[in-house]
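Have a look at the structure below before the remarks.
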Amino acid sequence: MTPTPELHGVWQARIITLFPQAFPGVLGESLTGKALQDGLWQLHTTDLRRFGVGKHRNVDDTPAGGGAGMVLRPDVLGAAIEATMQGTSSNWPLIYLSPRGRPMDQALMQSLARCDGVTLLCGRFEGVDERVLEHYGIQEVSLGDFVMTGGEIAAQALIDATVRLLPGVLGNQASTEEESFSSGLLEHPQYTRPAEWMGRPIPEVLMSGHHGKVAEWRRAQSEEITRRRRPDLWQRHQATKDD
């Protein structure tokens with residue numbers, strides 16, 4: 001683990017990876033980076049190579065039954081997980097970033113933000129030995145229906161989307177309440193100065209100063225955009241309303 005001092009009661013992300021130097025990466029910039037510096041959350045990395053076996057610290061081996069690629073070994077992963085999870089509470093999920101997992105969504109991020117922290121396992125090669133997932137009851141989570149070379153980018157996406165929900169990170173709680181997915185709908189269009197650009201004016205209602213009409217317009221826009229672009233979300237939203 002990286003020797004970062006522990007801050008009691010602060011949300012933590014612990015990452016098991018072959019590339020600890022990839023962190024914090026973009027998480028060290030902008031609002032998440034400032035929040036990290038201010039101690040609003042913490043980041044720890046575990047270098048999986050440290051737990052490798054043999055003179056060359058091997059972390060993988062060939063797939064049982066044959067096939068292309070390499071699979072991360074269960075003995076290596078088990079040792080890394082045990083070390084990384086030391087001192088964690090019962091409210092601390094262990095997640096493996098995997099294309100076969102549950103898709104990331106806002107509800108997941110809101111749930112993780114209410115936890116004490118999260119440990120993320122970043123895979124490489126052909127993935128991890130299935131016995132590790134079974135033994136530790138690891139939850140699989142996916143960034144989308146595509147395959148990447150490793151889980152590090154997906155881990156950064158998950159952390160970014162969760163950290164911004166932590167108290168004090170954004171500064172304006174309304175920002176998280178009004179954005180896409182928070183109400184089950186996609187976000188309404190946004191505009192700013194100048195009032196007209198390339199012959200395109202800002203919609204009059206947004207310049208009216210009438211907060212009620214602005215809210216109605218934004219709601220209608222959110223519903224229409226969701227209905228057209230994400231019929232799956234729209235159906236879910238309609239079903240929730242009917243309940």
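Note that Cβ sites are derived from N, Cα and C of the backbone, with glycine treated the same way.
Binding of S-adenosyl-L-methionine is attributed by Swiss-Prot to Leu143, Gly144, Asp145, Phe146, Val147, Met148, and the same site annotation extends, among Gly117, Gly123, Gly171, to Gly123. With Gly123, Leu143, Gly144, Asp145, Phe146, Val147, Met148 listed as the residues that bind S-adenosyl-L-methionine, the site has a largest C-alpha separation of 16 Å.
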